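Presented below is the structure to which this report refers.
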Amino acid sequence: MLTIRQLSVTYADGTQALRDINLQLPTGMVGLLGPNGAGKSTLMRALACLQPPDSGQIEFAGINVLHQPQALRQQLGYLPQHFGVYPHMSCYALLLHMAVLKGIRDKTEQKQQIDALLQLTNLSAVANKSVATFSGGMRQRFGIAQALLGNPKLLILDEPTAGLDPAERERLHALLVQISRDKLILLSTHIVEDIENLCPFVALINQGQIVQSGAVPGLLAPLQGLVWQSPLRPDNSSTLLSASYRFGVPTYRLLSQLQPCAAAVPVTATLQDRYFFELSDKAAYVAA
Amino acid sequence: MLQLNLLNNEWRYLRRQPLLWLALLLLPVTAYIFATGIGGIDTLADKRLQALQMTLLMFSLPLLCGALAPLVLLRDQHYSMTELILATPLSPPQRLFSRLALMFVLCAGLMLAGFMIIYFMLGREFGFQPSLLAISLWDFALLAVPACAFYTALAGCLAQRFNSSVLLYALFGCLWLGYLILASLTGAPMLAGSSIRYDWLFNAMRLLDPFGNTALIALYQHSAPQLYGDLIFYLNRLLFCLLADGLFFITLRLKPHNSAAKPWHSEISHDTNPPPAYQAVTTAPKAALQLWQLTRTALLTLLQQRLNQLFLLGWVLLMFNEVLSGINYAEPLAVLSPTSLDALNRIADDVLPLVGGLLVLLWTWQLSWRNRHTAMAELIAATPVGSGILMASHTLALTALILLLMLLGALGCLAAEWLAYSDVQLQYYPEILGKVALSLWLLGALFSVLHAICRSPLMAAAWCCGIFLMKYTPLSGKLGLTHTLWNIAGSPLQPADAFWHFEQSQSVYWPFMSFWLLLTFALLWLAAQWSHRTGSFTNPKRGKLTLSSGLLLALAVYSGVNLHLNIIAERPLMSSDLREQWRADYEQRYANWATIAQPTLTHIEAQVDIYPKQGEAAFALNYTLQNHTTQPITKLLVGNYSATVISELKLSVAHTASVDQQLGQHTLLLANAMMPGETLQLHSKLTFKQPKHWPAVMPQFVKPSFSYLRGMPLIPSIGFQMEYQLRDEQQRRQYGLAPLNLLKPSVLFATPQLTAASYDWVTLRSVVSTDSGQTPLAQGKAVRQWQQQGRNYAEYHTSTAMRNLPVWYSLAGDVLSQQHGDVRLTVYSPQLNAAAKLNMQAMQDTLDWMTQHIAPYRGSQLSLLATPDMGATGYALPQIMMINHRVGFRAEPAADAGFDQRYRRAVHETAHQWFGHDIGNGVLEDSAFLIEPLAKYIELVLLEQRYGTKAMQALVKYERERFALAVRRSSQQTPALIDATANHDLYSRATLVFAILRQQLGDAVISQALRQLWQQNAYPQTPATSMDFVRALQAQVSPHQQQLVTDLFLGTDLSLLLEDSSKP
């Protein structure tokens, strides 16, 4: 549905934010996973026609995005990582404002969809309150609602669950899964769990380059049978994927052909393992 | 040590802020611009220096503090650093103190730099005297330092209290504007047109002026001004030091205002039900709907802002106050029966465009950067809204705001009219306010273009402020940019008046506005393509010109070039620089003709056909030239100083001719020399065409309801014209001309001597024609009037010679005519009212008194014309006088006026038939004293004769007040009255001098001296000089009185004049 070819973006200060990105993304939910500063938001902004690339091509559902930005915008729902709101405008009024800009012309449709979206995002009770006075989570839900206005075929959601409480997060997940059947939802986050929960297709980005992309099972397959979990860090040639704590006790996830130590038990590989694997010194492991 | 570290820390932040560097650049540039163009041999350098430093302080300090305050004091809030900063162990007072201290140091440092630049500029002109440096340092210590401390502490207090940068900008903008208004009401010499409107306000400001300027200005009215202040000044500075301390301590005690409302939290609900299904709806973006929605939201957002609501309320009150305070003002001590035109003229040319322009500047900023400021830019830019629609919505919202401004302005104005019992004429409102609105809209659209193209808000704001300053301040003039197109988004349209409405300049409006409209639309079109979509986003199309934009821009440029060519074709010497260059070239090429014998013009036969509707006047002139010299004349220099070309020039004798096209000078070589006493005829033709791209200006214009064609310098003159020479020594140096080394009349004519000066007088016969329904008029007696081919003709002859200043008119309106002795007196005015009769009375009284006491009037006809409002209130030519319709025919004495300005002015202009057009001409070096001061003397005599002593004393009081103010404003050394050329000397000081002389010597003595002058120096004898009058007067009086005469005419001590003898 979305094809990106040789996309590169360089900022005015010389920072090369994206380098020769090539991606082919299918319909459904796609996770864009990468550490801070990897280029996720730049890629999102480039896809939303807010950041013109130095070179490359973007094609969405037959539209040459760089040549026809307006055509893309007509099918776009966009939630940036940070956004603000106009002062003195109620949630309903601001949604109505965005609805008109997005091209919902029929007043009945405007009302119906806004009411539905308010309900979906659990904002009906505060529909007439000024958005400027909303808490972070409420404002984020407003952002999601505005992104869903109309009938977007491409939804770009940059950190959509930031600030949401667990219940709202689940609610959002359910909503996204529900609507992703005929849309491409590009979800950018560094919360691996969100992507694991939602996205059948993932692209890993690091230092402005796509390091891996594909269906999640395919990404995990190479690691299956090689991931170990241990309360101790072995002093051998195994690769440390992550070191975390659970109830204050250290837990190490290790990548190794053999059992790294006696305390290590084999575990199922997760997307997080793959993510840390891609960030780690992969070359050293491969060589080893 | 800690404080030093903190200061250093603050500086580390501040030195990285572009706004600071902008201030560091702009303030010295402002100081430089203020200090350019000063000089002159009679300038009081120290007074000038102090006045300039005061000007810099009052103009720049509030703006500087207003700009820096949010940057220094509200940065934590702006950049969401408040909680981080508050969590540090530094106490709030320490933090606040370090920030205020740095702001104070910056302001004071910049002021010191500005003061030093002014000192340097003056030093280059007058020498780097230690006394000037001492004044600069004293000004800095006593004027700048307390003011900087006060404004810094005030900024701290306001920032702490309101926590809003917009409010700080607005408050400091209001403080700046408010002070300028107060300064103009208290006679600040730096502001053109200011005067002391209320004594109580002036006295209060001596103590309450935050800059200490008023207290110093109060000491300027002595010929040797006291620059180092008096007790009141020191009290004032002490007061503001204490106020600064007080505000600082209040600031420390104030708790920061937290305007943020408590955020809303939705109630936590654990709704386990599945969410309702998402229903997509079809979208089909429609530009009109998007435009309406964006415009509506933008408009509502702006109007919901408390600041804008305050501005709009203030706007109504400002317009109301401005109109009501002067709706019936005609001139000092005279009032009008006001109409809507007077009401609208109070605001339409200054307050409305200036304050409106400021609001447009603010609103375009708010509209253009609103999405970025509210962080909505990405959301909006990602919607399918075209950049053109975004731009159009800003422009439409701006249009609505400007229309709202005009509506509110009209309401304020109408309310004031209603209270002032004005004759409401609603038809003027849309016409006048519409013109202001269009200019504001064009300006706002240009600002919007800059905001849409510049990705940096600071850069866009700098461009917009630059345009604003070029348009509304004298900056463009100071930079030598005098082209009328520097009035960006405007036209040289002049205010309408009751005489002829917009006739003076109606023709200029659409040519200029069409160009600006075309340019603005072209730029809007371009900006829509280059726009950063309100969020500083990179636009790949930026810098690339599409065919449509290119064509539109090309069309705009073509229109601009065409307009420019028309402007210079109609007035090639459009700027003072060009006129100076012409004069310099003229002198360089033709000064040698000053020693070449030339014939004297003795008689003019003029056929002048005026076509008011077409804006043309055709001249056919026959000159009789006579060789009055003792040498044969072989060549003639004939030319004019006008854009009108002499189309035909021929002599009655054989000759060859060459033309200097650039300077419009013709050299005629005679085949046979013109021997002494011989005469010849010179025939010439020219056609004056009224410029359509310039407003009508004196001394020649042809308009449908009034045409005025003064001969000089339009019609050909003979020989080298000394009066065209540049007389300013600085300018002469600049153009490489030798210094004139002009001596002052008191020196040049200190002893009786025979001068080479002679009268330039002629006889005149004119046949004037004009459209039917109008009166053709010229000097002399009307000997014949007739109609021919639907036109009115009249023939005029002067019975005796008159000063060579011929003039021709075409007039509409009523005529009041009376035979008074041998003279026919006529008043031409749109309406014959009581004022016309009063003017007639003044002419009769003057004629009688002058005939009885000095000399008879030479002509057989004397006319007084009501003229449109074009600057001068009165102007006299031989046998014809012009008085401004507004002050001379519409005005009436104010309730508190002790005398009637109309009568006074008519007497004054009539007196010029003797003082100016009888004696007082012929001596180029001495062309001031025998004209205006003596006409002022006649005012005193005739006011007393007709209205009594009290009226005369009221005039003296009025002139004393005017003079005191002018002395405060002047930075020139006081000259002897005989040598003076400044208006306040020629009019006000002369009145005071003659009031004393009348009291001490009596009118009989002065009249006797004047009679003696006429006997010895009247035409055709040798022209009189001012020293001849002084000597004649001294010959009539005792030695003690002689000293008084010397002191008053030749002395420079003003204390006697400024003393009010009526006070105990």
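Glycine residues also receive a Cβ, built from the backbone N, Cα and C atoms like all the rest.
TrEMBL labels come from automatic prediction, so no person has curated them.
Per TrEMBL, these features apply:
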| type | residues | note |
| --- | --- | --- |
| TRANSMEM | B:20-44 | transmembrane segment |
| TRANSMEM | B:56-74 | transmembrane segment |
| TRANSMEM | B:100-120 | transmembrane segment |
| TRANSMEM | B:132-154 | transmembrane segment |
| TRANSMEM | B:166-188 | transmembrane segment |
| TRANSMEM | B:232-252 | transmembrane segment |
| TRANSMEM | B:310-330 | transmembrane segment |
| TRANSMEM | B:350-368 | transmembrane segment |
| TRANSMEM | B:398-420 | transmembrane segment |
| TRANSMEM | B:432-453 | transmembrane segment |
| TRANSMEM | B:508-528 | transmembrane segment |
| TRANSMEM | B:549-569 | transmembrane segment |
| DOMAIN | B:841-1038 | domain 'Peptidase M1 membrane alanine aminopeptidase' |
Look over the recorded stretches B:56-74, B:132-154, B:310-330, B:350-368, B:508-528 and say which has the most C-beta pairs under 8 A to the transmembrane segment (B:232-252). B:132-154
How about the transmembrane segment (B:166-188) and the transmembrane segment (B:100-120): do they have 3 or more C-beta pairs under 8 A, pairs 6 or more apart in sequence? no
Per the 3+ Cβ pairs under 8 Å rule, pairs at least 6 apart in sequence, do the transmembrane segment (B:350-368) and the transmembrane segment (B:432-453) touch? yes
Interface-richest range of B:56-74, B:132-154, B:398-420, B:432-453 toward the transmembrane segment (B:100-120), CB pairs under 8 Å: B:132-154
When only pairs 6 or more apart in sequence are counted, do the transmembrane segment (B:310-330) and the transmembrane segment (B:132-154) reach 3 or more Cβ pairs under 8 Å? no
Chain residues outside the transmembrane segment (B:132-154) and at least six past its termini with a C-beta under 8 angstroms from it: 45-46, 49-50, 53-54, 57, 61-62, 65, 100, 103-104, 107-108, 111-112, 115-116, 118-119, 122-123, 126, 210-213, 216, 227-229, 233, 237, 240-241, 243-248, 251
